[in-house]
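What follows is a short report on a single structure.
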Amino acid sequence: MVLNIILTLIVLVNGTFAVKFIKNLLANKNEAMNEPGNPIAMAISSFTLFFLSTFGISDFAISTVLYRKLKWTSDKKLPGTLNTQCVIPVAVMALSYISSISVELKTLIIAILAQVLGAYIGPRFVVKMNVDVIKKFISVGLLIAAGLILMGKFGVYPSGGNEVGLAGFKLISLGILSFVFGALNNVGIGSYALTMATVYALGLNPGVAFPIMMGACTFSVPVGSMQFVKYESYSRKITLFTSIFGSIGVLVAAFIVKSMNVSMLQWLVVAVLIYSAITMISDIRKAEKSDVKVTA
């Protein structure tokens with residue numbers, strides 16, 4: 001019953017975005033089709049972006065580099081585009097994972113609500129913090145988490161558990177950390193890798209991270225994205241292609257993830273944690289180089 005309510009809410013919230021987007025697209029169809037971007041290249045990139053995103057690799061990070069390099073959208077419309085492009089694919093991810101991967105409803109609901117709440121009220125606190133300092137601590141934490149999982153794989157350290165739900169202190173910890181991850185999303189620090197590391201550290205089955213990650217995003221992202229559509233501060237063309245071809249990529253990847261056993265998922269988590277840590281370290285170095293140039 002509760003699961004059906006969650007799935008229905010996902011459809012309603014994201015369906016509302018879809019209606020607003022389609023109305024805006026049809027009202028500006030000529031302008032949309034004249035926006036930059038080769039249709040074939042967009043179809044391939046959309047499929048690839050959200051195929052990888054389904055495994056927990058940030059589509060925000062890859063899209064930012066890709067769209068700037070190919071000049072598919074302006075810097076002014078980039079933030080809106082990054083949000084609107086992922087609404088429908090993430091909804092498909094959430095529906096796929098929540099309906100098929102076993103996770104205790106209490107654990108799922110608390111994690112989702114905490115992350116959505118963090119995304120809503122967290123920015124007023126997070127924006128006052130130094131983002132690069134946060135990234136340094138997180139990147140080290142992700143590498144340590146990856147190291148612990150590897151040690152578990154080779155029998156040096158106790159490996160993660162197979163639980164699908166939490167209680168007591170562990171559940172409270174998940175709620176608090178999910179709130180923090182939701183807040184960090186607003187300063188460009190994705191929650192995917194952090195959620196994976198947390199789920200593993202608390203002894204849950206690695207697969208549980210997927211419905212939690214996508215469930216939180218599918219409620220928080222559409223709300224902000226509707227505002228970008230309202231003020232027309234996004235790329236209609238990119239959003240159209242990702243909504244179609246990105247969703248296809250999601251379905252292909254989700255089928256692969258759901259067929260993986262725990263051991264394979266652990267290797268996947270390690271890869272995502274290391275990739276995310278390296279990406280953060282790279283961002284910090286680029287920012288430091290830019291500061292040096294400005295100072296000079």
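Any Cβ shown, glycine's included, is placed from N, Cα and C.
In TrEMBL, annotation is done automatically, which means it is predicted and not curated.
Taken from TrEMBL as is:
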- 42-67: transmembrane segment (TRANSMEM)
- 103-121: transmembrane segment (TRANSMEM)
- 133-152: transmembrane segment (TRANSMEM)
- 164-184: transmembrane segment (TRANSMEM)
- 204-226: transmembrane segment (TRANSMEM)
- 238-257: transmembrane segment (TRANSMEM)
- 263-281: transmembrane segment (TRANSMEM)
Between 103-121, 133-152, 238-257, who has the most Cβ pairs under 8 Å to the transmembrane segment (164-184)?
103-121
Using Cβ atoms and a strict cutoff of less than 8 Å, what residues sit near the transmembrane segment (133-152) while being 6 or more residues removed from its termini?
158-160, 184, 187, 189, 193-194, 197, 200-201, 266, 269-270, 273-274, 276-278, 280-281, 283-284
Which bits of the chain, at least 6 residues beyond where the transmembrane segment (238-257) starts or stops, bring a Cβ under 8 A of a Cβ in it?
18, 21, 25, 32, 35, 37, 39, 42-44, 46-55, 67, 72-73, 81, 84-89, 92-93, 96-97, 207, 210, 265, 268
Which residues, given as numbers and ranges, are at least 6 beyond the ends of the transmembrane segment (263-281) yet have a Cβ under 8 Å from it?
55-58, 61, 135-136, 138-140, 142-143, 145-146, 149-150, 152-153, 159-160, 189-190, 192-193, 196-197, 200, 205-207, 209, 257
